[in-house]
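Colleague: Structure provided below as structure tokens; questions to follow.
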Amino acid sequence: MELAPVNLSEGNGSDPEPPAEPRPLFGIGVENFITLVVFGLIFAMGVLGNSLVITVLARSKPGKPRSTTNLFILNLSIADLAYLLFCIPFQATVYALPTWVLGAFICKFIHYFFTVSMLVSIFTLAAMSVDRYVAIVHSRRSSSLRVSRNALLGVGFIWALSIAMASPVAYYQRLFHRDSNQTFCWEHWPNQLHKKAYVVCTFVFGYLLPLLLICFCYAKVLNHLHKKLKNMSKKSEASKKKTAQTVLVVVVVFGISWLPHHVIHLWAEFGAFPLTPASFFFRITAHCLAYSNSSVNPIIYAFLSENFRKAYKQVFKCRVCNESPHGDAKEKNRIDTPPSTNCTHV
């Protein structure tokens with residue numbers, strides 16, 4: 001489902017021939033260099049940030065169950081980290097090299113996992129919004145519903161559904177060879193009606209409907225909080241509002257980050273996507289926005305969650321403490337016990 005930066009055949013799938021004389025516009029130059037620098041920054045920030053989130057959430061007391069929200073955040077971070085490690089370095093070669101050199105398997109895998117990661121992210125965010133809805137609107141029943149077992153089952157279902165939905169991308173992604181010894185990795189569907197149907201279904205079920213579900217859940221949450229504001233303790237009110245705010249910001253950022261990607265796909269399938277400097281810039285921006293979504297969530301947690309900030313600091317303190325053989329045992333025990341995040345207590 002990912003549009004290649006050098007050709008549009010992946011976008012419309014109608015013709016495996018590249019645009020005539022694309023090098024003056026799409027050749028390696030200042031634009032591609034800047035894009036590679038942006039990719040490098042996204043990769044470095046995302047790998048560091050998501051690794052930190054995973055470390056924080058993995059450091060729980062033995063035998064203590066993790067909260068459902070934290071399990072979903074952990075799943076989101078794992079999906080983002082895997083995407084950054086497996087996709088961005090390979091996709092960057094498209095901007096750096098004039099031809100595809102990584103073979104058929106990598107051609108299929110990176111575009112397939114790109115779509116899998118996108119779907120896992122939006123489905124996880126939808127699950128988190130439902131989790132917030134149950135925790136706040138149906139708080140009396142939430143203790144029996146919001147358990148680790150149900151969250152893990154949900155995570156398993158999310159991955160299975162995403163893997164299945166993305167499978168056509170892997171099937172139709174293939175290599176095309178030109179007489180000039182150039183190779184391109186393109187998505188090509190023999191039946192264009194099937195391609196159009198798949199693009200629409202991916203947009204509807206992998207973007208639009210999950211966002212509508214998220215909007216519904218948060219509308220209910222905000223309405224409930226407004227009605228029950230007087231009956232809540234200030235501490236409980238602040239905790240629930242902060243958790244809902246954090247998840248909501250993550251959702252809004254996801255929606256903004258992935259909207260240009262879907263616009264380009266729908267435009268390429270049902271319109272005449274132009275090959276102009278402006279459209280090339282739009283495509284580059286869509287790529288960078290989609291990729292950056294995998295690196296911004298840890299920053300959001302740091303800005304909106306005081307407990308996440310404390311946990312981040314404790315990860316580094318723990319490393320310093322482990323390197324000091326004469327550290328105080330009591331202080332080390334305190335550091336080794338991670339604080340809960342705002343998402344833990346609801």
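Glycine is no exception: its Cβ is also placed from the backbone N, Cα and C atoms.
According to Swiss-Prot, the protein has these features:
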- 1-33: topological domain 'Extracellular' (TOPO_DOM)
- Asn7: N-linked glycosylation site (CARBOHYD)
- Asn12: N-linked glycosylation site (CARBOHYD)
- 34-54: transmembrane segment (TRANSMEM)
- 55-69: topological domain 'Cytoplasmic' (TOPO_DOM)
- 70-90: transmembrane segment (TRANSMEM)
- 91-108: topological domain 'Extracellular' (TOPO_DOM)
- 109-130: transmembrane segment (TRANSMEM)
- 131-150: topological domain 'Cytoplasmic' (TOPO_DOM)
- 151-171: transmembrane segment (TRANSMEM)
- 172-196: topological domain 'Extracellular' (TOPO_DOM)
- Asn181: N-linked glycosylation site (CARBOHYD)
- 197-217: transmembrane segment (TRANSMEM)
- 218-246: topological domain 'Cytoplasmic' (TOPO_DOM)
- 247-267: transmembrane segment (TRANSMEM)
- 270-290: transmembrane segment (TRANSMEM)
- 291-346: topological domain 'Cytoplasmic' (TOPO_DOM)
- 326-346: region 'Disordered' (REGION)
- 326-335: compositional bias 'Basic and acidic residues' (COMPBIAS)
Colleague: Count the Cβ pairs between the transmembrane segment (34-54) and the transmembrane segment (270-290) that lie under 8 angstroms and are 6 or more residues apart in sequence, then report whether there are at least 3.
Modeller: yes
Colleague: Within 10 Å of the Cβ of Asn181 (N-linked glycosylation site), how many other Cβ atoms can be counted across all chains shown?
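Modeller: The answer is 7 other Cβ atoms.
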Colleague: Using DSSP, what's the helix, strand and coil tally for the topological domain 'Cytoplasmic' (131-150)?
Modeller: 17 helix, 0 strand, 3 coil
Colleague: Mind tallying the topological domain 'Extracellular' (172-196) by DSSP state, helix then strand then coil?
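Modeller: Residue counts for the topological domain 'Extracellular' (172-196) by secondary structure: 6 helix, 10 strand, 9 coil.
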